[in-house]
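Per TrEMBL, active site is recorded for His264, Asp315.
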Amino acid sequence: MTDELRKGLEGVLVAESDLSEIDGDEGRLIYRGYAIEDLARHASYEEVIYLLWHGDLPDADELDSFTDSMVAERAVDEDVLDTVGQLAAADENPMAALRTAVSMLSAYDPDADAPATDETATLRKGRRIVAKIPTILAAFTRMRDGEDPVEPREDLGHAANFLYMLNGEAPDDVLAETFDMALVLHADHGLNASTFSAITTASTLSDLHSSVTSAIGTLKGPLHGGANQDVMQMLKEVDESDRDPIGWVEKALDEGRRISGFGHRVYNVKDPRAKILGERSQELGEAAGTPKWYEYSTKVEEYMAEEKGLAPNVDFYSASTYYQMGIPVDIYTPIFAMSRSAGWIAHAVEYVEDNRLIRPRARYTGPHDLEFVDIDER
Ligand SMILES: CC(=O)SCCNC(=O)CCNC(=O)[C@H](O)C(C)(C)COP(=O)(O)OP(=O)(O)OC[C@H]1O[C@@H](n2cnc3c(N)ncnc32)[C@H](O)[C@@H]1OP(=O)(O)O
Ligand SMILES: O=C([O-])CC(=O)C(=O)O
């Protein structure tokens, strides 16, 4: 037992994992040995889920049967859709709505009562959760706009089908491929806060829906996944006011605020995912004749590097990428959850294979030996 206090658990090793490795000094990320750049360029999100859950990239037959099994799980029970509709009518925060809906899915999961140690059943639950999140999120987004949900299409991949269910029309190849790549980039990232939350829940031998629900709640915060929405808010404020990104950032820093999309607990250099998304944001802007979002972003990036020595994280360029794809700003973080659910599930399963209850300590700094005072005398 050590009494050294490591606030925020910085640098503390709590588990071993075969899933992903981050080199924070070199700006490298791998999933099970494969460079993120290669996976982003060549692999579909479905292949990456398979890689994370089963240890290897699938061959063509394995991918077909895995994809079919995911497609078969896309539909969501009517009761869950009704609840999603009520949350949309109440104008619930989209991450909170997703958290509630994913929790509710367990009531309709045929493996709900399987023990946490039954890995096959847990992965079946995982497949259902990952397959259904896009259906839930697209339905929520449409219903709050007074539109009917669009049923999933079996002939579209995970990414394209989500955009289809969101917009009511199939995306073109560029949009489908960009979204698929974004899902690949967000699928896993070591023991980030939400994944730690997922394994903490799993370590009590609770169920997978509880792990994913815990993780969604953790991802929601602005220091983690919630930052992507705040980045777009900043870029929009810049655009709607003086179009001076540096002035905006200077003022925010003077007020003691943090600039969303910058800084990272593990990376000391630019996040490799931000590099890939930055290129995509630039391409989308040039193709649409609206390079301003990328231009504002690069100005902020240069200023933050010079003034604060801070580099962009994944949330910085995902914001302008999604914006230029026409995706509503307040579902950027649920989209992150849509992708990261694969990583949460992989880590929960892996952790339980060699389980030990996660239970750190806090140093007590309160008083001792107080005399109890009766309520009438306080
Ligand atoms: C998917 C993801 O979760 S990626 C991260 C998404 N979150 C964000 O983008 C929010 C903005 N970033 C931050 O708040 C932080 O960089 C975090 C939370 C990501 C990492 O935090 P930590 O590892 O705890 O770093 P810490 O908070 O100790 O910051 C170190 C120093 O850099 C400064 N700093 C870090 N990030 C920022 C930022 N975005 N803007 C301004 N200053 C910053 C801090 O003020 C601190 O300075 P100080 O030592 O003078 O007080
Ligand atoms: O690793 C982290 O702390 C945050 C992050 O970039 C992610 O979860 O993708």
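Cβ from N, Cα, C; glycine included.
The distance from the Cα of His264 (active site) to the Cα of Asp315 (active site) comes to 11 Å. Secondary structure at His264 (active site), as computed by DSSP, is coil. Candidate active-site residues: His264, Asp315. Fewest other C-beta atoms within 10 angstroms, His264.
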